[in-house]
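Swiss-Prot has this to say about the protein:
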BINDING   Val14, Asp35, Tyr67, Gly81, Val82, Ala121, Ser122, Asn123, Ser146  NAD(+) binding site
BINDING   Gln84, Arg91, Asn123, Pro124, Val125, Asp126, Asp151, Ser152, Ala153, Arg154, Thr228  substrate binding site
ACT_SITE  His178  active site, proton acceptor
MOD_RES   Tyr219  phosphotyrosine
Amino acid sequence: MKTRKVVLIGCGAVGTSFLYSALNQGLFDEYVLIDAFDNLSKGNAWDFEDANAIMSTPAGMIKSGTYEDCADADVVVITAGVPQKPGGETRLQLVGRNAKIMEEIATNVKDSGFDGITVIASNPVDIMGSVYAKVTGFEPNKVIPSGTILDSARLQWEVAKRIKINPASLEVYVVGEHGDSSVSVFSQASVGSIPLSKYRKFSDSQKRAIHKDVMRKAYKIINTKRATFYGIGACLARICKAVLRDENVILPVSIKKNADSDIYIGWPAVVGKDGWHSPLKLTLLAEEKRGFQKSYNSLKKVFEVTWSELGRSEY
């Protein structure tokens, strides 16, 4: 029986939160940790060995490794990069500091001969996913930036609190940038099979307030504990689970919605063993559509500047 192997690149708070979530769920048989600071990957590997010993579904191997370990991996998860600074730094303001890191990672992963699925959480995640995909030349569907999966989870939670229902019974998505230009798609939200608008009507001002709460959640967390990691760690494990078990489940990840574009952007799509496919056909209201287009245009502009600053000549 083939073992399920993941290589984690970036052993900071986000990477290790993913690792802990994945280990608890018994997702992989082999875990390989890589970090620019070798002692960090070694120390975490040893620490997780101890946790693994008492897990109900222990992994067969947890070790610190190198990019050569990517060659036969099923999934590579990338969380490396510098985090947002407290005080309101946006994800897009991180781009200059993280693009060069992602370019180097992408080159190393490609050179290893890796042919699996890549899941990315490094911020700004849509831009980092776009850089990674273009540098590697991997099939677009095999690159899965986390997109708006965390934003959508936050929206689910905020709406569910207000209508007093389990979030699992609510289907509602955030689309666009994983960041300040995202759009909460209330028009397509549903409770069970019932449109949210028929289950509980929210005014436009209430919707704006909910969306603001969703968008400010990350800043609230960063300003109080310096970083977000448990939420996104759980989201990364959820994406990996969908890939490993070929669930073909709809998740709001970052995808190349336009085949002729290099831009990855948050949108619900089916996720399974071959990556993402079959983007959901959402009928957006005019205001939602304008917001999504504005978000796309913003990401496109940032990516073009980023690509040029990396010394690439296509733009």
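Just so you know, glycine gets a Cβ as well, placed from its N, Cα and C.
Structure with Swiss-Prot features highlighted.
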residue	record	DSSP (3 states)
Val14	NAD(+) binding site	helix
Tyr67	NAD(+) binding site	helix
Val82	NAD(+) binding site	coil
Asn123	substrate binding site	coil
Ser146	NAD(+) binding site	coil
His178	active site, proton acceptor	coil
Tyr219	phosphotyrosine	helix
Thr228	substrate binding site	coil
For Thr228 (substrate binding site), which of the listed recorded positions (Tyr67, His178, Tyr219) have their CA atom within 10 A of its CA?
Tyr219
Starting from the Cα of Val125 (substrate binding site), work out which of the recorded positions (Val14, Tyr67, Val82, Ser146, Tyr219) are within 10 Å.
Ser146
Looking only at C-alpha atoms, tell me how far Ser146 (NAD(+) binding site) is from His178 (active site, proton acceptor), rounded to the nearest Å.
9
When distances run from the Cα of Tyr67 (NAD(+) binding site) to each of the recorded positions Gln84, Asn123, Ala153, His178, Tyr219, the nearest one:
Asn123
For Val125 (substrate binding site), just count the other CB atoms lying within 10 A of its CB, please.
29
Whole number in angstrom, please: the longest C-alpha to C-alpha distance across Val14, Asp35, Tyr67, Gly81, Val82, Ala121, Ser122, Asn123, Ser146 for NAD(+).
22
Under a criterion of Cβ-Cβ distance under 8 Å and sequence separation of at least 6, what residues of the same chain contact Val82 (NAD(+) binding site)?
Leu94, Arg97, Asn98, Ile101
